[in-house]
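What TrEMBL records for A:40-153 is domain 'PurM-like N-terminal'. Look at TrEMBL and you will find A:D42, A:D87, A:D238 tagged as Mg(2+) 3 binding site. Marked as Mg(2+) 4 binding site by TrEMBL: A:D42, A:S56, A:D87. The Mg(2+) 1 binding site annotation in TrEMBL covers A:T57, A:D58, A:D135. The Mg(2+) 2 binding site annotation in TrEMBL covers A:D58, A:D87. Annotation source TrEMBL lists substrate binding site at A:H65, A:E291, A:W343. Taken from TrEMBL, the feature ATP binding site covers A:Y117, A:G134, A:D135, A:R161, A:S240. Annotated domain 'PurM-like C-terminal' per TrEMBL: A:166-326, in sequence order. Marked as Mg(2+) 5 binding site by TrEMBL: A:D241.
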2 protein chains.
Amino acid sequence: MLEDKNPIRTPLSELGEFKLIEHLTEHLKITQKSTILGVGDDAAVLNYENKNAVVSTDLLVEGVHFDLSYMPLKHLGYKAIVVNLSDIYAMNAMPSQVTVSIAVSNRFPVEALEELYQGINKAAELYGIDVVGGDTTSSTSGLIISVTALGAVEKHKEVRRSGAKANDLLVITGDIGGAYMGLQVLEREKEVFKVNPNNQPDLSMYSYIIERQLKPEARKDIVKLLEALGVRPTSMIDISDGLSSEVLHLCKQSGVGVDLYEDKIPLDPQVISTCEEFNIDSTTIALNGGEDYELLMTVSQEDYPKIKGNPNLTVIGYMTEKEKGKHLVTRAEERIPIIAKGWNALNNLT
Amino acid sequence: MLEDKNPIRTPLSELGEFKLIEHLTEHLKITQKSTILGVGDDAAVLNYENKNAVVSTDLLVEGVHFDLSYMPLKHLGYKAIVVNLSDIYAMNAMPSQVTVSIAVSNRFPVEALEELYQGINKAAELYGIDVVGGDTTSSTSGLIISVTALGAVEKHKEVRRSGAKANDLLVITGDIGGAYMGLQVLEREKEVFKVNPNNQPDLSMYSYIIERQLKPEARKDIVKLLEALGVRPTSMIDISDGLSSEVLHLCKQSGVGVDLYEDKIPLDPQVISTCEEFNIDSTTIALNGGEDYELLMTVSQEDYPKIKGNPNLTVIGYMTEKEKGKHLVTRAEERIPIIAKGWNALNNLT
């Protein structure tokens, strides 16, 4: 998985900045009614009618957020879009446009950027958004991707981090910990590869968790599901830095406490078995792993009948008065204070 | 100018990502009616009422777009905002929000980022915009700044690059070439400094052009002026990469040709004298210099009486039928084809 399979290498300088942008964006299609003018002018023009606009931005840096030795460029492009869309869904909004800026060193040929854009375009297509702008420039070292996602939400319908109330249910979508354990497997295989480059590992038993790491999906379906169920969460956040970190954000910004039940945290069997293989506690991974891009929300108790039994939504605790603090209730019924140990990009400073 | 005057250095890792973002954004004020929700959630929420939204983005990379040995961080922060606002004005729109993402290596202490944010906040204050989001992360090498600017324009009032017609007047704001010549002076002083660090150069005779390079302004006033004059340009672009490059963009996207008169190009006396000192042709600098952030537009002939004699607007040529080509008409009345030699970030690839 780590070899360079691409024999054609066109130097970036051969095209120049304008031609490169033109080349990379020539296949972009405008599919959204809200896109009045896309790539190719000083700015894009968008029309959100009588809705509010929603905007979020992220910066992905090689060597900090991704490792190209096991992250295919196509997947990286896809992931760069998806992680930004996740922030828009977390507002209970629907994304409709992104801008994508890329800085690259000359070790990347044009073909590498084409591959990156294939992933970007694939995500745009699947999530129904338009790429409406961006910038391509050189970097003195690695690859840097900056994505800004834009979307719309009906007035007063956005769901913030600050609306949780005591007694609200704490609800999570999907399962968590997979992306982090996928990363552990990939890191291990990278070390094996360094020793024996001819080794072709069988990673099929880790397929789910590796996909969670390399090609995560954002929960577009949840925004639609909540609408269909008639449930408006009181607060919501996406899980990018780990469950404990996100729970603490909701608590802090809403001024509430929480009781989170260890035995309720949804884990995929592959996460559990891989945690056993690596001899790591799966709850620690679920709390601190990050990059799962599931949604964490609080829901009023009276909405419980509407979400009960839904396979996409798991109640993992409830919010309390602020004074009661923020606790994990363990399987042994111990109450342990929740501390954010989520992945922190600034701790990786070189 | 090149010494480190800052004795206090708090390592970034001491704060961590969330605390750092909190620290840098705690003084941000929301001043715009269109900002419903600013920094601190998964996304910002904006309300452009019945106007269209406009969005533009730029990526600034240390060693490619700026050199911190003579660019104070405060000015850099200011410039990073201004260059993005310029794109919004170039659409005939008014900016109202920006998001700012920063990647830094650990050679930057917290105090350096505070200085950068001082410049960002100063620009936000002066241009009347809100900083509504962003991301702060680590980089493996230098400083990277990604800014996305958002604004609004009344429906159908945006001015694109594609609307120029044959016989339209080509009009430029302010004067050009200053930013590039300011850079030449700064680069020369950097070399002098390397040889003799005690040398304190007197740069007062270059004050205008150095300010054009280090602390450029975007032409907010022009959008208002055009409205007051009742002039809607047929096309418009901001001059970031050099006059020749921008003229060619207008020609290409509008499907027209141009006659641009060398003797009409507005140059500041400091640009002319510095060009003489450096023994460079000032027209070459005006055509290819870049970073002036003036606006270049085309105006219908019938609007000429409205702009005639306005000190902010200079007619430098007129658009022609496409077949007639794109020419510079020299002082000697020679017609020379215009070729883009503008500054191209990808030619600087290391």
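Cβ atoms here come from the backbone N, Cα and C positions, even for glycine.
Location within the structure of each feature annotated in TrEMBL.
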{"residue": "A:D42", "record": "Mg(2+) 3 binding site", "DSSP (3 states)": "coil"}
{"residue": "A:S56", "record": "Mg(2+) 4 binding site", "DSSP (3 states)": "strand"}
{"residue": "A:H65", "record": "substrate binding site", "DSSP (3 states)": "coil"}
{"residue": "A:Y117", "record": "ATP binding site", "DSSP (3 states)": "helix"}
{"residue": "A:D135", "record": "Mg(2+) 1 binding site", "DSSP (3 states)": "strand"}
{"residue": "A:R161", "record": "ATP binding site", "DSSP (3 states)": "coil"}
{"residue": "A:D238", "record": "Mg(2+) 3 binding site", "DSSP (3 states)": "strand"}
{"residue": "A:E291", "record": "substrate binding site", "DSSP (3 states)": "coil"}
Query: Are there residues of the same chain, six or more positions away from A:S56 (Mg(2+) 4 binding site), whose CB falls under 8 angstroms from its CB, and which are they?
result: A:N84, A:D87, A:I88, A:M91, A:T148, A:A149
Query: Mind pulling out which binding-site residues among A:D42, A:D58, A:Y117, A:R161, A:S240, A:E291 sit under 8 Å from chain B, Cβ to Cβ?
result: A:D42, A:D58, A:R161
- request: Would you count the other C-beta atoms found within 10 angstroms of the C-beta of A:S240 (ATP binding site) for me?
  value: 22
Message: Show me the subset of A:D42, A:D135, A:E291 whose Cα is within 10 Å of A:S240 (ATP binding site); these are the binding-site residues I mean.
response: A:E291
Other CB atoms, at most 10 A from the CB of A:G134 (ATP binding site): 25
Field: Integer Å distance between the CA atoms belonging to A:D238 (Mg(2+) 3 binding site) and A:R161 (ATP binding site)
entry: 10
Task: Quick one: give me the count of other CB atoms within 10 A of the CB of A:D87 (Mg(2+) 3 binding site).
output: 27
Message: Between C-alpha atoms, which of these binding-site residues comes nearest to A:E291 (substrate binding site): A:D42, A:T57, A:D58, A:D135?
response: A:D58
- prompt: Nearest to the residue listed as 'Mg(2+) 5 binding site' by Cα distance: which of the binding-site residues A:D42, A:T57, A:Y117 is it?
  reply: A:T57
Task: Indicate the candidate from A:D42, A:D135, A:D238, A:E291 with the smallest number of other Cβ atoms within 10 Å of its Cβ, considering only these binding-site residues.
output: A:D135
Statement: For A:Y117 (ATP binding site), the same-chain residues 6+ apart in sequence with C-beta under 8 angstroms from its C-beta are A:L24, A:T25, A:G77
- prompt: When you measure from the Cβ of A:T57 (Mg(2+) 1 binding site), which residues in the chain that are at least 6 apart have a Cβ under 8 Å away?
  reply: A:N84, A:S146, A:V147, A:T148, A:A149
Message: Taking only same-chain residues 6+ apart in sequence, whose CB is under 8 Å from that of A:D58 (Mg(2+) 1 binding site), what do you get?
response: A:A80, A:V83, A:N84, A:D87, A:S146, A:V147
Task: State the count of C-beta atoms found within 10 angstroms of the C-beta of A:H65 (substrate binding site), not counting that atom itself.
output: 23
